[in-house]
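Taken from TrEMBL as is:
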- His320: active site, tele-AMP-histidine intermediate (ACT_SITE)
- Gln104: ATP binding site (BINDING)
- 13-338: domain 'RNA 3'-terminal phosphate cyclase' (DOMAIN)
- 184-285: domain 'RNA 3'-terminal phosphate cyclase insert' (DOMAIN)
Amino acid sequence: MDGDRVEIDGGIMEGGGQILRVSTALSCLLGLPLRVRRIRAGRSQPGLRPQHLSGLEIVRDLCDGKLNGGEIGSTEITFTPGKIKGGTHVADTKTAGSVCLLMQVAMPCVLFAASPSELLLKGGTNAEMAPQIDYTVMVFKPIVEKFNFTFNCDIKKRGYYPQGGGEVVVRMSPVKELSPINLTERGMVTKIYGRAFVAGALPIKLAKDMSSAAVRCIRKEIRDLYINIQPVREPDDQAVGTGSGIIIVAETSTGCLLAGSSLGKRGKNSDKVGIEAAEMLLKSLKHGGTVDDSLQDQLIIFMALAKGVSRVKSGPITLHTQTAIHFAEQLTKAKFTVTKSEEEDPSNDTYIIECQGMGMINPNI
């Protein structure tokens with residue numbers, strides 16, 4: 001601690017942008033001044049990239065905070081939060097940096113704002129190394145709303161690598177407190193659906209090929225379920241640039257949602273894109289958890305803030321999740337335990353993530 005500034009080492013564990021997102025969101029919520037050193041020390045290009053800087057700037061603006069060291073490439077920042085207010089805020093990565101990662105850092109903050117918020121997020125909607133916006137809408141949204149809040153996510157324009165240009169508007173109202181969640185019963189898979197998309201210069205045939213290849217791959221393991229993966233061509237006035245990809249969601253009898261996704265790129269066979277997404281989904285279904293790898297770490301901050309005990313059953317704990325838990329515990333009074341799940345087939349690598357949340361209360365409501 002420097003005076004009462006919390007010191008964060010941005011180079012440990014996952015060593016990437018997630019440390020920055022979790023710690024600045026919690027700093028904003030708890031009114032804790034923060035210093036983050038060795039930002040993204042674990043990455044080939046250390047320091048702040050445009051999307052991380054945009055994330056820091058939107059949190060600063062949400063709470064009238066002070067940010068020092070906010071430049072591209074900077075490996076150290078200090079952040080002093082103010083009071084979280086609602087209203088309209090814009091974050092623009094000016095690149096194909098992920099709008100979903102901007103949402104990840106801003107959303108916990110605006111839940112505890114003084115009034116409703118509208119976030120206009122600009123950048124990549126379907127970017128590598130981040131959840132696709134379709135994942136956010138189809139999987140993240142229905143599950144995270146179990147913490148007892150709702151949000152609206154309006155995809156105005158899709159933007160792809162390398163130029164970005166996507167626009168998403170997120171609207172949400174503040175809450176008094178978050179309820180804990182209990183996601184420990186997986187149930188049976190009842191349906192599998194998704195979308196395979198192309199945009200820009202690419203023909204719809206590629207979307208159909210991705211979809212067919214994915215269905216064939218899933219059929220080898222799951223024979224008796226109807227699989228509906230819609231091939232879609234994004235309207236030209238709602239997409240910037242050229243891109244393609246696929247997301248496939250499995251829904252279970254208990255309301256769990258697990259997904260696999262993949263993005264197309266130049267020189268990559270469209271069958272391969274479909275098969276990658278299908279294999280990712282099948283792998284998530286194999287371990288018997290109620291969440292997939294992409295959702296696992298995104299729930300941690302909400303579990304930490306909720307009032308009461310949350311329990312989530314997952315497959316092997318990812319490094320992203322371990323990192324999120326580490327920093328949530330460092331900054332809040334939440335306590336996490338991760339235990340191997342015993343009740344199933346011992347060959348299943350399943351775990352229960354349990355959290356006694358800190359019970360954050362919104363002082364404005």
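Just so it is clear, glycine is given a Cβ too, placed from its N, Cα and C backbone atoms.
Heads up, TrEMBL stuff is auto-annotated, nobody curated it.
Keep in mind that what you see is a predicted model, and the values were worked out from it rather than measured.
Most Cβ neighbours within 10 Å among the recorded positions Gln104, His320: this distinction goes to Gln104. A distance of 13 Å separates the Cα atom of His320 (active site, tele-AMP-histidine intermediate) from that of Gln104 (ATP binding site).
Broken down with DSSP, the domain 'RNA 3'-terminal phosphate cyclase insert' (184-285) shows 35 helix, 37 strand, 30 coil.
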